[in-house]
Amino acid sequence: MASNPPNLRPDISNPRLERDMSRVRPASQPTIGMVSLGCPKALVDSERILTRLRAEGYGISPEYSGADAVIVNTCGFLDSAKAESLEAIGEALAENGRVIVTGCLGAEPDYITGAHPKVLAVTGPHQYEQVLDAVHRAVPPDPDPFVDLLPARGVSLTPRHYSYLKISEGCNHACRFCIIPDMRGKLASRPHRAVMREAEKLVEGGVRELLVISQDTSAYGTDWKDRGSKAPITDLARDLGSLGAWVRLHYVYPYPHVRDLVPLMETGGVLPYLDIPFQHAHPDTLRRMARPAAAARTLDEIAAWRAACPDITLRSTFIVGYPGETEEEFQTLLDWLDEAQLDRVGCFQYENVAGARSNALPDHVAPEVKQDRWDRFMAKAQEISEAKLAAKVGRSLEVIVDLVEEDAATCRTRGDAPEIDGHLYIDEGHEGLSPGDIVTVTVDEAGEYDLWGTLAKTPART
Ligand code: SF4
């Protein structure tokens, strides 16, 4: 899991938050810094904690040194992420000295206090109340009724025009390479009404794009006793799609009922985009991963999604070099990718994770073989991406503006999620644009992962 991009790290100045906070906060108010490591799910937890702290009267410091205490939201998904989390805690201790640890790695407090005995408190994933208690103990709040009104959309670590929306926690699967179910527990879906309320507030606060996340988005609501619907995710997606913002679905497990979501992408406000972690295509590898071994059926599903929504963008992630993966199994994956023609692909080389059952599997793949397979996989993915993007030249596409600079506006098409997919750049006539505008462009040029285009209309919404 990667750490935040530089503009989201408090150890590197974040001018927007700094500006926002200095406008409303007297210098004497207590301030908290936060570094959020890991995936977008962890970022949502960080946003929630900061929203609460902000509501209670705390300021947010963009730097460790300017804060009264620092919260480090850790990731414990891979051993490399654990090491990165320990390093971030050490850095915060060295620069600030008053550090509260939370997040996935917080589920292993001894591991943290063994390396860093001076941390003030360690709390586990999504233990918001305990984090707040720890902050209250370390830095008592200093409420000011005139400035402590919660802004309409709370405090966000992501740009204002898009926001992650977490709909559930935990997972009922037991993939052998993953320890998330041990760390985060069984699936627990947030009530439909609570998710909608949060989404409505976000949209009222100016959010134009909602990024729906969870460990297993398509399983949303399947943990409810009285669900009243076969697939509560379809109802939720339909209602979210009616809010007028772009709605992007991430981490959708390929259940059969995903077919019911796809028509909403053709007619509703849900973006024609599915982020589905397939992980592999060979049935034996999938079996060793303890994932449903249904790669052939998956190709049929993909064909059905494309028939229902020809413009759909499919993104997925894969693991190469899984224990026991033979050259033949890997070749099946490459052939499958050729056939599936996915638009966007991420690939990890298998890595042992402390506590994962896959560690004990026989026939681990040598590092140089993993690297070679990764290179071959990514070369194939790049070839597909290049051809798919070349086919967009000459088309008119709706894009959302992320950033406007002197020489270009950086935008994304409906098929590009922030931070993980490509961009569309407008380098002429972009001066009047602002982040969050949704405009139409004509695509002039395509690269391996990005597009370039010309503005076709004035902003559709400002
Ligand atoms: S579905 Fe995802 S979160 Fe759940 S066990 Fe598998 S990899 Fe982990």
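Glycine residues also receive a Cβ, built from the backbone N, Cα and C atoms like all the rest.
No curator has checked TrEMBL annotations; they are predicted automatically.
Copied from TrEMBL, the annotated features are:
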{"type": "REGION", "residues": "1-26", "note": "region 'Disordered'"}
{"type": "DOMAIN", "residues": "30-140", "note": "domain 'MTTase N-terminal'"}
{"type": "BINDING", "residues": "C39, C75, C104", "note": "[4Fe-4S] cluster 1 binding site"}
{"type": "DOMAIN", "residues": "157-387", "note": "domain 'Radical SAM core'"}
{"type": "BINDING", "residues": "C171, C175, C178", "note": "[4Fe-4S] cluster 2 binding site"}
{"type": "DOMAIN", "residues": "390-457", "note": "domain 'TRAM'"}
Rounded Cα-Cα span from C175 ([4Fe-4S] cluster 2 binding site) to C104 ([4Fe-4S] cluster 1 binding site), Å: 17
Where the C-beta lies under 6 angstroms from ligand 1, the matching binding-site residues among C39, C75, C104, C178: C178
Neighbouring C-beta atoms (10 Å sphere around the C-beta of C178 ([4Fe-4S] cluster 2 binding site)): 22
Rounded Cα separation (Å) that holds between C175 ([4Fe-4S] cluster 2 binding site) and C75 ([4Fe-4S] cluster 1 binding site): 18
For the [4Fe-4S] cluster 2 site built from C171, C175, C178, further residues of that chain with CB within 8 A of the site's CB center: H173, A174, F177, I179, I180, P181, Q215
Least buried by Cβ count (within 10 Å) of the binding-site residues C104, C171, C175: C175
Fewest other Cβ within 10 angstroms of its own Cβ, chosen from the binding-site residues C39, C75: C39
Rounded Cα separation (Å) that holds between C75 ([4Fe-4S] cluster 1 binding site) and C178 ([4Fe-4S] cluster 2 binding site): 13
Model confidence over the domain 'MTTase N-terminal' (30-140) (mean pLDDT, whole number): 84
Rounded inter-Cα distance in Å - C39 ([4Fe-4S] cluster 1 binding site), C178 ([4Fe-4S] cluster 2 binding site): 14
C171 ([4Fe-4S] cluster 2 binding site) - helix vs strand vs coil (DSSP): coil
For the domain 'TRAM' (390-457), the number of residues DSSP places in helix, strand and coil: 1 helix, 31 strand, 36 coil
